[in-house]
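What Swiss-Prot records for this protein:
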type	residues	note
REGION	1-22	region 'Disordered'
COMPBIAS	7-20	compositional bias 'Low complexity'
BINDING	Arg100, Thr101, Arg150, His180, Gln183, Gly310, Pro311	carbamoyl phosphate binding site
BINDING	Lys128, Arg214, Arg269	L-aspartate binding site
Amino acid sequence: MPKTAMTDSTSKTSTNTASSDMAAEFDSTTARLNASLSKPQLNADGHLRHFLGIEGLSRAQLLAIIHKAESFFDDKGQLINSPELEGCTVMNLFFEPSTRTRTTFEVAEKRLGANVLNIDIARSSTQKGESLRDTLWNLQAMTADIFVVRHSASGAAHFMATEVTPDIAIINGGDGWHAHPTQAMLDMLTIHREAPRPFEELTVAIIGDIKHSRVARSDIAALKILGVKEIRVIAPRTLLPKGIERYGVKVFENIDEGVVDCDVLMGLRIQNERIGSPLMAASNEYFKKYGITPERVAKAKPDALVMHPGPMNRGVEIASSVADGPQSVILKQVNNGIAVRMAVLSMAMQGQREYQALRSST
């Protein structure tokens, strides 16, 4: 894995110093990471044993995650419990702040019957200079079955997958600018369940800070694999990654043109913690130029969905009347996140069991 994306001292390295070019992704570092993802993710049967990123997976594999997630809803649309991880231990390692992702993972793990440990990174030995590798090796000695990791460095989850013993599954809860695969899959599940048309007939617009967003990268990859008719990205040029046109998306700097006839409008927040300095003079200036307002929603299809991965800044990326309006599925995304994370955890654990059975027989 590229050492520019992850080294043994990554736990002490901030995103801003990891690589001066990382914010200009889709760059060569991202390409190298994506190219190497599929091998460690899958067992010999092509089933997940880690979940590190969307790239390298097939349409059938993404649909399998969606269908598995749907199996955790009853006939009334309520989530059910399923003891598929009973006896397993899951450790949640969040080196970055998180509300929705960490909490929904924990709920998912408990609904599956797992023993759940939330590691307090702020009080861990990484604060005393311990490397990520040494932290990892010490935690795996405590006989965990699954690590769920979020880290500020691109490639952290991949690094962990190559460093842990083969019987531990790694789930990527978001790594730097690189990827947020479970967010992408809960977005795909939401579109699958709520959109009035199949993926192949949809036009999806992603609006906001594309340049620094791991969500945008993973969503674009998933939408392309699932065969969406058209993907649009809408942002000021300063918030667009170099070379994004090569990924088959249509680029708009004018939101009023970009949202016309869209089936899905997906807002993103400005990632100020990754930028280091504000790119807009004031939030009201950004809202005026790029906010998702009722007037802009009206330019999309009449039954268009409004989505946002959160955290959501009302009056900056989106109007409150839109976020709380009839076309918003934002809270459904959160609930779907539990089902998707249940699916990924269950599938990765099953894939690990198959992998271990094969190793034992050879």
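Note that Cβ sites are derived from N, Cα and C of the backbone, with glycine treated the same way.
In sequence order, the binding-site residues near Arg269 (L-aspartate binding site) (Cα within 10 Å of its Cα) are Gly310, drawn from Arg100, Arg150, Gly310. Least crowded of the binding-site residues (Arg100, His180, Arg269), judged by neighbouring Cβ atoms within 10 Å of its own Cβ: Arg100. Arg150 (carbamoyl phosphate binding site) falls within a strand when secondary structure is assigned with DSSP. Listed binding-site residues near Arg214 (L-aspartate binding site): His180 (candidates Arg100, Thr101, Arg150, His180, Pro311; Cα-Cα distance within 10 Å). For the carbamoyl phosphate site, the Cβ centre of Arg100, Thr101, Arg150, His180, Gln183, Gly310, Pro311 serves as reference, and the other residues of the chain with Cβ at most 8 Å from it are Ser98, Thr99, Gly173, Gly174, Val215, Pro309. Taking a C-beta cut-off of under 8 Å and a sequence gap of six or more, Arg150 (carbamoyl phosphate binding site) has these contacts in its own chain: Leu93, Phe94, Phe95, Glu96, Ser98, Thr101, Arg102, Gly173, Gly174, Asp175. Sequence-distant neighbours of Gly310 (carbamoyl phosphate binding site) (same chain, 6+ residues apart, CB-CB distance under 8 A): Thr99, Arg100, Ile330, Gln333, Val334. Around the Cβ of Thr101 (carbamoyl phosphate binding site), the number of neighbouring Cβ atoms within 10 Å comes to 24. Its Cβ taken as reference, Pro311 (carbamoyl phosphate binding site) is surrounded by 10 other Cβ atoms within 10 Å in the chains shown.
Cβ environment of Gln183 (carbamoyl phosphate binding site): Thr101, Gly174, Arg214, Val215, Ser218, Asp219, Pro309, Gly337 lie under 8 Å away, each six or more residues apart in the same chain. In this record, carbamoyl phosphate is bound by Arg100, Thr101, Arg150, His180, Gln183, Gly310, Pro311; the longest C-alpha to C-alpha distance in that set is 16 Å.
All protein chains included, Arg214 (L-aspartate binding site) registers 24 other Cβ atoms within 10 Å of its own Cβ.
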